[in-house]
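Over in TrEMBL, the protein carries these features:
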type	residues	note
TRANSMEM	12-29	transmembrane segment
DOMAIN	90-334	domain 'Sulfotransferase'
BINDING	Lys99, Gly100, Gly101, Thr102, Arg103, Arg182, Ser190, Tyr292, Lys308, Gly309, Arg310, Ile311, His312	3'-phosphoadenylyl sulfate binding site
DISULFID	Cys293-Cys303	disulfide bond
Amino acid sequence: MLFKQQALLRQKLFVLGSLAIGSVLYLVARVGTLDRLQPICPIEGRLIPPEPEKIPLRTLQFKRGLLHELRKGNATKEQIHLHNLVQQLPRAIIIGVRKGGTRALLEMLNLHPAVVKASQEIHFFDNDQNYARGIDWYRGKMPFSFPHQITIEKSPAYFITEEVPERIFKMNSSIKLLIIVREPTTRAVSDYTQVLEGKERKNKTYHKFEKLAIDTNTCEVNTKYKAVRTSIYTKHLERWLKYFPVEQFHIVDGDRLIMDPLQELQLVERFLNLPSRISQYNLYFNATRGFYCLRFNIIFNKCLAGSKGRIHPEVDPSVVTKLQKFFHPFNQKFYQITGRTFNWP
């Protein structure tokens, strides 16, 4: 009897031991799988939205002079060392749209004490030669900032360049993406106007907008014309959505940013998980320029470059109507995807 009990006990111990070993082997295999599923970029490069209460804005207010130098990109080596300033990869990028108001948006967001902007368009992700220089080269183009500040850059060509979504995803799959748009036909004419001005400065001739926007052979909208193609927002956005969920995009109304900037900027603050700090005090209307200018403090004000707000050439109304009808179905799809509706024709 005792022998049978001992044998039964040994059998139970064997089963329990086997189960324990099996559990260990499962955990080892599971860990191995997780190791293989690590993000493309290290966690340092991924976006971790800052909690509003953790951004030491009170401390930043006491460093207004240094913040002013950071905004201008003039931090000295002594300041960099003393304040532990760093060059950070952007946590948010204004990816487009050209002539939508990207420069105005960047400058206005720079009013926020927790935001630092890259002054120039880097063109890292849309330029093969720049991209081949590597991520450290890109980081080196960023301004110095406090570790808790958010660096933002803008390059409107990103939105329409095919390779860019995948390249940005590889850098940071959680990055926040800002797209500022205007009524598509107006944006196309604005695009044409900028190119026309550049041609005239070089004493070169250029076709009229109507001839470029409408195919003379078919009398239909010329989708090969870049200014028209850029305004088909949904076509470009669909390519980005292959890599990023729609929640990582914020659509800014470029027309409203000109007329009533504060409400648009407050929406962006919320999207970036920033405490609300941009106020009406920071924005004042300049009647001479016809635009809002920026007030950083009682000493430092800034208006956008004089090249902004160019006068558009007269365009044949029938061409405008044809373009508006062409863009209409694309606009409807854009509203559906983004959840933001505009009063476009």
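Cβ coordinates come from backbone N, Cα and C, glycine included.
On the structure: features taken from TrEMBL.
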residue: Lys99; record: 3'-phosphoadenylyl sulfate binding site; Cβ within 10 Å: 24
residue: Gly101; record: 3'-phosphoadenylyl sulfate binding site; Cβ within 10 Å: 27
residue: Arg103; record: 3'-phosphoadenylyl sulfate binding site; Cβ within 10 Å: 18
residue: Ser190; record: 3'-phosphoadenylyl sulfate binding site; Cβ within 10 Å: 20
residue: Cys293; record: disulfide bond; Cβ within 10 Å: 16
residue: Cys303; record: disulfide bond; Cβ within 10 Å: 15
residue: Arg310; record: 3'-phosphoadenylyl sulfate binding site; Cβ within 10 Å: 13
residue: His312; record: 3'-phosphoadenylyl sulfate binding site; Cβ within 10 Å: 13
Rounded to the nearest Å - Cα separation of Cys303 (disulfide bond) and His312 (3'-phosphoadenylyl sulfate binding site): 21
Rounded inter-Cα distance in Å - Arg103 (3'-phosphoadenylyl sulfate binding site), Cys293 (disulfide bond): 13
Rounded mean pLDDT for the residues that make up the domain 'Sulfotransferase' (90-334): 94
